[in-house]
Amino acid sequence: MLGVLIIIIPEHVSHYVMLSTALRPRQQLEERCFCALSLSAVLASSTQLFSRRPHHQKRCASEKRWGVFSLSLLASARRQPHSQPRGAAPAKPGSAARSGCGRRIPGRRYLPSLPLLAAEEAPDSGCTLPSPTAGRRRRRRKRRRSRRLRGRGTQAQIHMEDETLPAQEVSAKVLEATLLSALKMLDVGKWPIFSLCSQEELKLIRQACVFGSAGNEVLYATENDEVFVLGVNCSGCLGTGDIQSTIEPKRLDSLCGKKIACLSYGSGPHVVLATEEGEVYTWGHNAYSQLGNGTTNHGLVPCQVSTNLVNKKVVEVACGSHHSMVLTSDGEVYTWGYNNSGQVGSGSTANQPIPRRVTSCLQNKIVVNIACGQMCSMAVVENGEVYVWGYNGNGQLGLGSSGNQPTPCRIAALQGIRVQRVACGCAHTLVLTDEGQIYAWGANSYGQLGTGNKSNQSYPTTVIVDKDRVIEIAACHSAHTSAAKTQSGQVYMWGQCRGQSVVLPHLTHFACTDDVFACFATPAVMWRLLSVEPDDHLTVAQSLKKEFDNPETADLKFLVDGKYIHVHKVLLKIRCEHFRSILNNDDEIIEMSEFSYPVYRAFLEYLYTDSIRLPPEDAIGLLDLATLYRENRLKKLCQQTIKQGICEENAIALLSAAVKYEAQKD
C-alpha cells in the first residue's frame, strides 16, 4: 500500500514541508492507527480552520496560509486536469490529452485546457501541493502580462474613475455594476423599525407597511412573496397567533405565496389586506367587529373575509380608526365595523359586524377610489363626483356644515370639478383633480389644509402648491400631515411636522411622499403599502439572466454528460477571456467532458448572473474550473461557498481543497 503523509506546518512557519514515504506491508497496522488519530485531529480543527482572526491581531506575509494539519489517506489523490505522468510523451497540439475534453467528435469544437496557476506536481507522489514560490511566480507573471497588455496598441482601455483597466479585466466589473443597479431594493432606511432587520433581509423586501399607534409594527413581503412581520404586536395585529412582541422577523405562512395588492390598517390596530386574486384577509383588534367576521374577538391570525364578498374581486381597501371599507372590481363599496357616527353608511349608528354594500346614492354609481378618515368615509365615482358620509365635527365632509352624515352625500361645492383621487387625514380631507389641482377641507389646527392659517374649513378650498401639475396627494387617518408630489418630481409637505405647524406647502428634498411620513409625521407610519415601482421593461441585467439556457435565442450549445446547455457567444466573449480566445463564429456545439454537468452549468450561469448556486462539494469542482480559466472573482465566490458549507461530513474534502488552493483567511 502506498501512502502519502502531508503535514502543513502551523501559521508561524512560512513554508510547507512534505514527507513522502513508501509504506511496507508490515507497517500497514501502524499506518491505520495513525490515520485514525489524524482524521480525528482534522475534524476537531475544522471549525478553527475557517474562524476569523480577531481584528486587533495583525498578520505578516508569511502567515497568509491556513495553519492546519492534514493527512492524505490515499496516494491516488486526483491529479490536476492538465497533468501527465512523469516521463510520458508530450501530447500533440489539439489532441484529446491536451484539451482534456475526451474523444473528439467531427464537426464539434473542443476547449483546450489552460495551465493551472499556483500548483506544482510533487515528484512520484501522485498528488499536488502548493509550491512555496508559486505566489511569487504568479505575481511576476501577472506583472509581465500587464506590461504586455499595456504595450499593445490595439488593446482597448476602459476608464473607471481613477482606474485604467484592460477591457477583458473590467468586463466583470461592468456587468456587476449593471446587476447591482438592476436589483431594485425598497428604500425603507428612513423608518426606524427596519433597523432591527439585517442588510440581507432589507435587500429582499419588495413591499412594506409600517403601522401602529407609534409606528412599532411592520409587515413586509419579499421578492419570493414570503410575508414577514415584526414589532410590538398590539391586539395580535402581527397575525402570528399570539400577542407576543418580536424584534426578529416572523414568517406568516398563511400569507406566503399570496401576492399582496393593497393593505390598510386601523387604530386598534386591525389590518385589512387584499391579494391580487381579490381575496380579503383581516386580523388584529376586533372590539367593534372591524374584522368583518361577525364577532368581536380579536383575530390572532389572518382569516379570509368571505361573507357577502363571494365571487367579488376586491381591488382597494381602506380603514378608519375602527371601521373597514373595500372596493370591488365592478365599482361596489362594502363597509363594516364601528358606526357610532354613521361611517359605515348604513343609515343608522349600529355597528356592522359583516360586510354590507353601501347603497343609497351609490346604488347605480361605479366607484373608482375610496378613503377613510378616523370616523368618516369617502368615495370617488367614475364621473369625478365625491360622496362622503360619517363624522363631520370638523367639517371634514366638505358639506358646509358640522353635522354627521349617516348615508353617502355628494359634495355640491365640487360641482363641475372632476376629482381623480381622495385622501383622508385624521380629521381633514384632500382631493386631486384631473387638472392637477388640490382642494382641502376639514380640521386645520396644525395647518394641514395648507391655506396659510389654522382655521377649519367646511367647504373645499384650493391649495396652492406650485405652478407645476400635482400628480399625487398623501394623508393618513392617524396623522395631521399632508404631502403632495408634482409632475417634475418635487415633494411638498404641510401640517404637523415633528411638532411644528407648517401652514403652507413646503418644498422638501425628498423624492417621494412616503419619506415625508417617515421623517415628519406623528406617528411615523406609512400612508399606503410601499412597493417597488413595477417596470414596464426588463433591465439589461434582468434580460441576461432570463436568457440563460434559452434554446430559442441561443447560438451555441455545450454538451456535458449528455445534456445541452444553451448560451450566447457574444456574452461568453464579453465575460470570459478564455472563451474570447477560442470561440469561432461557426461554432454550434462544444462537448465538454472535463467537468461535470452541474459544475459547468454553474459556471455558465455565473457568466449571466454573476452569482453561483452550488453545494460546497460541487463548489470544489467549480474552483478547479475557475482556476483553469483564470476567473479570479469566481474563485473567491467558490471559496466563500466552501467556507460557509463546511461540516464534519465534508471536512476532509474541503480541507484538501483549502490546502490545494492556498486558501487564505479574511
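Placement of Cβ uses the backbone N, Cα and C atoms for every residue, glycine included.
Residues or ranges marked as compositional bias 'Basic residues' in TrEMBL: 135-151.
For 554-616, the entry in TrEMBL reads domain 'BTB'. Over the domain 'BTB' (554-616) the predicted model carries a mean pLDDT of 90.
The annotation region 'Disordered' is assigned in TrEMBL to 78-105 (among others).
The region 'Disordered' annotation in TrEMBL covers 122-155 (among others).
Here TrEMBL flags 278-330 (among others) as repeat 'RCC1'.
Among the features that TrEMBL reports, repeat 'RCC1' is placed at 331-383 (among others). The residues of the repeat 'RCC1' (331-383), classed with DSSP into helix (H, G, I), strand (E, B) and coil, number 3 helix, 23 strand, 27 coil.
For 384-435 (among others), the entry in TrEMBL reads repeat 'RCC1'.
Residues annotated as repeat 'RCC1' in TrEMBL: 436-487 (among others). Within the repeat 'RCC1' (436-487), the DSSP-based counts of helix, strand and coil residues read 0 helix, 24 strand, 28 coil.
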